[in-house]
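Shown next, in structure tokens, is the structure this report addresses.
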Amino acid sequence: MVGFKATEVPPTATVKFLGAGTAACIADLITFPLDTAKVRLQIQGERRGPVQAAASAQYRGVLGTILTMVRNEGPRSLYNGLVAGLQRQMSFASVRIGLYDSVKHFYTKGSEHAGIGSRLLAGSTTGALAVAVAQPTDVVKVRFQAQARAGGGRRYRSTVDAYKTIAREEGLRGLWKGTSPNVARNAIVNCAELVTYDLIKDTLLKADLMTDDLPCHFTSAFGAGFCTTVIASPVDVVKTRYMNSAPGQYSSAGHCALTMLQKEGPRAFYKGFTPSFLRLGSWNVVMFVTYEQLKRALMAARASREAPF
């Protein structure tokens, strides 16, 4: 057995909720530069973007984007929006991942044998619910990642200033900008990510190919990351473009997608695919492995506290 041993008592809903948020924050800390590179690549080619310095930069590939940002804006630019990103994960991942098992059991009426339909429904539900809770943090994160530090093109001085400025200039609706594509994206992402992880892990365990420990969690998470990136990239690009757009640039998420298709062609929907996969693949591995271990560690700590002397 590699890592913490599974406890006899299954993790509580609270343990899953806190464990998911904490694991997601750890994963974000490690993979955030890849996410920032993905955002810069996704908005590239958007000629009328609000941050011209960022939008007009010529980024080529993951490494090229990271090197260009470090050269022009300094290493700290790779972590633009990190505070909002961590705020997002604590509210977002806690709901979409931490509540997944509980919602799945609700749809299966407590049965241990969950079908693909119940898993998909649970993933869609928690993914959409998480967006409703965490959308403002996602908007601020994307705005920070998109803005360039060089050339005086910064839109916001701090995370708090970003929330205040968006609310003042665009109204409260501005903080929930892009909710529709984000709900669609996260329903898709959650289904692809959690359901694929669930299915791969169950298959490996039932076929006795692996035991329920770190190698199994690593393999399941990596496979889930690839499947999720392929499925979710188009709606992810639209979400990023729309949330970063100036007021009036696009009338809706659908208009944003149509404009991309007309001006840049179908390939635009897979801009930033490589950093998306590198980020999501590595993020999934770190998050799921950490999450599984945190659940076991927290339950072991709880058991030791409750054990009689």
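Any Cβ shown, glycine's included, is placed from N, Cα and C.
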G171, P75 - same side of the membrane according to Swiss-Prot, yes or no?
yes
Cβ-based isolation winner (fewest other Cβ atoms within 10 Å) among the recorded sites K141, R185:
R185
Per DSSP, what is the helix/strand/coil residue tally across the region 'Important for interaction with long-chain fatty acids' (278-285)?
8 helix, 0 strand, 0 coil
Alpha-carbon spacing, R185 (site 'Important for inhibition by GDP') to K141 (site 'Important for inhibition by GDP'), which is rounded to whole Å:
16
So, taking each listed stretch (17-40, 120-145, 174-199) in turn and counting its Cβ pairs to the transmembrane segment (269-294) that are under 8 angstroms, which one gives the highest count?
17-40
